[in-house]
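Annotated features in TrEMBL:
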{"type": "SIGNAL", "residues": "1-30", "note": "signal peptide"}
{"type": "DOMAIN", "residues": "41-365", "note": "domain 'GH18'"}
{"type": "REGION", "residues": "363-388", "note": "region 'Disordered'"}
{"type": "COMPBIAS", "residues": "370-386", "note": "compositional bias 'Pro residues'"}
{"type": "DOMAIN", "residues": "386-469", "note": "domain 'Fibronectin type-III'"}
{"type": "COMPBIAS", "residues": "456-471", "note": "compositional bias 'Polar residues'"}
{"type": "REGION", "residues": "456-476", "note": "region 'Disordered'"}
Amino acid sequence: MVQVSLLRRTKIWLLALILVVPLFSTLAYAAAKPVGAAGERILVGYWHNFDNGSVNIRLRDVSPDFDVIQVAFAEPVGGPASGNMAFTPYNASINDFKADIRELQGKGKKVLISVGGANGTVDLSSEQARQTFVQTMKSIIDTYGFDGLDIDLEGSSLSLNGGDTDFRNPTTPRIVNLISGVREILNSYGSDFMLTMAPETAYVQGGYVAYGGPWGAYLPVIYAFRDQLDYLHVQHYNSGPMTALDGRSYVQGTADFQVAMAEMLLQGFNVGGNANYKFPALRPEQLLIGLPATQAAAGGGYTTPANVHKALDYLIKGQSFGGSYTLRQPQGYPSFKGLMTWSINWDKAANFEFSRSHRAYLDNLGTNPGPGPDPNPTPDTTPPTAPSQLRVTAVTSNSITLEWSASNDNVGVVGYTISYGSGSVNATNTTATISGLSPNTTYTFTVTAKDAAGNVSSGATVQGTTASSGSPGDAQPWQPYVSFNINDEVSYNGNIYICLQAHTSLPGWEPENVPALWKLK
């Protein structure tokens, strides 16, 4: 009798377990879904696993205003081509760091491991490097319990080989192996495992102007994971001027730049200007804008909270601020996801200006989508100040290089116009090389500044004389931030190159690195 009763109780407990376990599994899956449900907007921040003079923060002490924390970085040991990734907490023991992650996860935050960074070059050109990358990254993820993987490869980590022309079918080994390796990592975890990316503008939107070398080199990776990608937050900083869908060039740090660069991904664009290779639009809920938390956090691109909110009002609600860029979708993109910052540490150093101001703004958007476009925006009628200290810094027989000190404006300067005789060129930085000039000729140059509303400053003037024909060094030296036209010639590392596509040069786009823009003479 006792044995029968015990058997009956055992069966009852087994039945209870059968009923309860699926419930717990469902709850666990629900809790693990990505943050930011439909209509909610998020803040993503990078946490330094190093001391760079900003401020030291324990991971568990990250501002509660952030929804996703990117731990920066897992980096290669044994050289970039080894694929051997490593991560060790710099300000906590391994056990304490794991506890910090669990504490944040318990608060509903997502903690991801970011790969690469500015100094962590990763080159997966070989199959062995790919395999090692997968093994070591899975070990890091499993050891600490990260919620996902962030790809923040910069510099030479991603660069297209010559002849690699179709982003849908890449042939460059380091790109092919990265895609294969990341896919293998994703397949090792459940559907709640997150994937994010933080490329620089040249590697994404830069592919609109040219496709080769670094230009557009991230596009094959984004395209390969377009359905699995949770968030793409392109770095709208440390960027040169970028060409938008309207064919105009926009400068970082302005509301126009934020809107124009974001809509390229919301609309899609022809890669390298080729209509046969259109990069498809991503979903608005996949996209965030990446910004520096302070001026000290990056080499350029800091945007005041007021100008960020102007940009988001236009981008999300269609409420124009009277800028130069016009949205292709006038009503805006209501489900645009939010903002990313470099970094959580720099934000704390600035007394949380970034997270506090933008958290409040984004939360207000969640409950108050806004009245729509402002039919009568307050016009900006104040022109910039005139450029100062205009001077000639270099001459050849067919070119003159000018430099000047920046103008100021109540909203922001978006560019400069250099006029001479019947010609003119535009520039977005405080230097320009005027090419196609006649030898041994004196020119008068006038430089004016313009703002987003079209207001133009008074001009600064200087004269310059080209060298005699046949002078040595007729080909101007290649420099960044110079506007080049087709067939312009430059000298670089002892060679002469001919320009193939009109563009404004940027650091990293040297002639020998970007065959899509230059050919050897």
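Residue 1 is the first one shown; counting continues down the chain.
Note that Cβ sites are derived from N, Cα and C of the backbone, with glycine treated the same way.
In TrEMBL, annotation is done automatically, which means it is predicted and not curated.
Owing to the predicted nature of the structure, the values given are computational and were not obtained by experimental measurement.
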PLDDT averaged over the residues of the domain 'Fibronectin type-III' (386-469): 88
Same-chain residues near the compositional bias 'Polar residues' (456-471), Cβ under 8 Å, at least 6 residues beyond its ends: 383-388, 390-392, 395-400, 402, 404, 407, 417, 419, 437-450
DSSP-derived helix, strand and coil totals, residue by residue, for the domain 'Fibronectin type-III' (386-469): 0 helix, 50 strand, 34 coil
